[in-house]
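S.K.: The structure that follows is given in the form of structure tokens.
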Amino acid sequence: MINWLVLNAVILIVAYLLGATPSGYWIGSWFYGVDIREQGSGSTGATNVLRTLGNVPALVVLVIDIFKGALAIALVRYIYSLVFAQNLTIIAGVTDIDTAKEWMVIIAGLIAIVGHTKSIWIGFKGGKSVASSLGILLAISWVVGLGTLSVFIVVLTISRIVSLSSIIAAISVSGLMFFTGQPLPYQIFAITGGIYVIWRHISNIERLLACKEPRIGQKLSTEQKMNK
């Protein structure tokens, strides 16, 4: 039992460190001499990088953040495919390895999301976990991941507001998980992860309600920065 718990703890620590990789901060700092945390919304995610540094660095950050989310899930599945991990699971008294793996997948996914928003490398600050959540969804179920991305793109095309698109996409995940018949752990991830991502957008929701949320190409006003 102890060995199995230690193994899972190590997996979750690595998942957190993957999620905590502050790609937006590092790219801004290393290549542009800019602390992205002190610019725009203060987020280290691709949207703030886009507003602050431009298209290319934003695209790089987006790809890295999607990849690190997917990698956290791939790590769990790889470890649980190894014979020694399966033996430890059985010795611990867990006979249904597939179900154990599914629960570990969602726990690792949630921890990676938290890592993105609360990165140990930059004073427990970070982004809003939209891109990393997409990577996790694509790794869990590519159908749900692409469905969520489609919702995001449609709303973004109509509204040109990234935060609104992210919020509606986060809401849609639960329905997509349910209607595609995903396992219960994945449906729980959709609900808890969606709530967390929406909570990270509280300041955006306040600006949306006040009709002050910037669209693509616009930057936050001084007043909005003070209230971010």
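For all residues, glycine too, the Cβ spot is worked out from N, Cα and C.
Annotation comment: Swiss-Prot describes 1-21, 56-76, 104-124, 136-156, 161-181, 183-203 as transmembrane segment, evidence class sequence analysis.
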S.K.: Quick one: do the transmembrane segment (56-76) and the transmembrane segment (183-203) reach 3+ CB pairs under 8 Å, ignoring pairs fewer than 6 apart in sequence?
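M.R.: Answer no, regions not in contact.
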S.K.: Between the transmembrane segment (161-181) and the transmembrane segment (104-124), do 3 or more CB pairs sit under 8 angstroms, pairs being 6 or more residues apart?
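M.R.: Touching, no - the transmembrane segment (104-124) and the transmembrane segment (161-181) miss the threshold of 3 or more Cβ pairs under 8 Å.
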S.K.: Would you mind listing the long-range same-chain contacts of the transmembrane segment (1-21), meaning Cβ under 8 Å and 6+ residues beyond its ends?
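M.R.: Distal contacts: 64, 68-69, 71-72, 75-76, 79, 85, 88-89, 91-94, 104, 107-109, 111-116, 118-121, 126, 132.
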